[in-house]
Amino acid sequence: MMTNNLSELVAWRHHFHQHPEVSNFEFETTAYIKQLLSSWGVRLVPTTLTTGVIAEVGDASKGPTIALRADIDALPITEATGATYTSVNTGVMHACGHDFHQTALLGSAFELKQNEAELQGLIRFIFQPAEETHTGADDVIAAGHIDDVQAIVGFHNKPDLQVGEVGILKGGLMAAVDQFKVTFTGIGTHAAMPQLGNDPIVALSTTISTLQTIVARNVDPQQTAVVSVTHIAGGSTWNVLPESAWFEGTIRTFTNETRALSKQRFYDIVNGQAQAFGLKVVIDWSKGPDVTENDPVLTEIVSDETSKFLKVVKPAPSNAGEDFATFSQKIPGVFVFFGSHGTADWHHPDFDVDDAALPLAVEWYTRIATRLLREI
Ligand SMILES: [Zn+2]
Ligand SMILES: [Zn+2]
């Protein structure tokens, strides 16, 4: 039987880090997790999920059912950390630290399995696929894995918190995410004869600038929002005005009101600009995760238990989105930031976590799960 010591945790984490897989393609990751869990006798729950692992310890007849969730996918980023365990999958990298999350949950599954007879209820481990594409939580829910769950808990590593610090906040911790793509279509022509066509490039640049007024002039200054255009494309050479051009990006907000207002202003501005320039416009709007909202009662319990062995700090909410929100809209949930003293921020080619935080995260999952079974 394996023991749950630091060197073993580090070995698992480095294995995941070296073999990252993008959303919905976490096949080897899934196999590795299943193999470890099975070797400890942890029950694997049958699932219709293609990737990801659902497992359980405990007994639902003895008390409540709770879920511990970790995400397992990586990102299409080329790693630049220079670590000895650098990704061997070209162009794919664990740049969000999900290798850390799944390792901590594995360690906790091992520990909880050792104490299974004493558990006052059932603990379900959700190794969730496809967080980065914000579809995995929906798939786990559709597969029925939280139908009987009374509370769900998860965390994200936080590079700017020290090892031993945990950021806990009641209410909104991470932002609602909306994604947009706008395509302007006019009439292509020679660059030297713009009067013969209808140029989408100038309209696009004016529109992108004007969209910044949503935050500067529409959103309440006491609220927060981000409007980022991240990708623009149009034309193919220097002396031709193209027929069409497009841009895409994202909006992040922390309340439903700000979210609705930002979307309305976005449509008003884009449609208004298209009309002003006499262009056709298509807006593709994709609604991402809602605000990651922490249940006040559960948050109190989690905060109290955490403060017994770690330093609880009040974090600033993050404008990143997190599809844990999809779970915590359905059932009470708590999501926290776990100090990982990172070398760079999330999604950066230099990103990595401090392995010293691993045993703390294992203990955190274990203690929170055990306490929640007794108290909810
Ligand atoms: Zn991420
Ligand atoms: Zn992440």
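Every residue gets a Cβ built from N, Cα and C, even glycine.
Database features, via TrEMBL:
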BINDING   Cys96, His98, Glu132, His156, His347  Mn(2+) binding site
DOMAIN    179-271  domain 'Peptidase M20 dimerisation'
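Close to the recorded Mn(2+) site, the chain also has Asp71, Asp73, Leu75, His94, Ala95, Gly97, Glu131, Trp346: residues not among Cys96, His98, Glu132, His156, His347 whose Cβ is within 8 Å of the site's Cβ mean position. According to DSSP, His98 (Mn(2+) binding site) is assigned to a helical segment. The Cβ of Glu132 (Mn(2+) binding site) lies under 8 Å from the Cβ of Val22, Ser23, Asp71, Asp73, Ala74, Leu75, Cys96, each of these being in the same chain and 6 or more residues away along the sequence. His347 (Mn(2+) binding site) falls within neither a helix nor a strand when secondary structure is assigned with DSSP, and so counts as coil. For His98 (Mn(2+) binding site), other Cβ atoms within 10 Å of its Cβ number 26.
With helix defined as DSSP H, G or I and strand as E or B, the domain 'Peptidase M20 dimerisation' (179-271) counts 37 helix, 33 strand, 23 coil. Ligand 1 lies under 6 Å from the Cβ of the following binding-site residues, listed in sequence order from Cys96, His98, Glu132, His156: Cys96, Glu132. Cβ neighbour count within 10 Å across all protein chains ranks His156 highest among the binding-site residues His156, His347. Averaged over the domain 'Peptidase M20 dimerisation' (179-271), the predicted model reaches a pLDDT of 97. The number of other Cβ atoms within 10 Å of the Cβ belonging to Cys96 (Mn(2+) binding site), over all protein chains shown, comes to 25.
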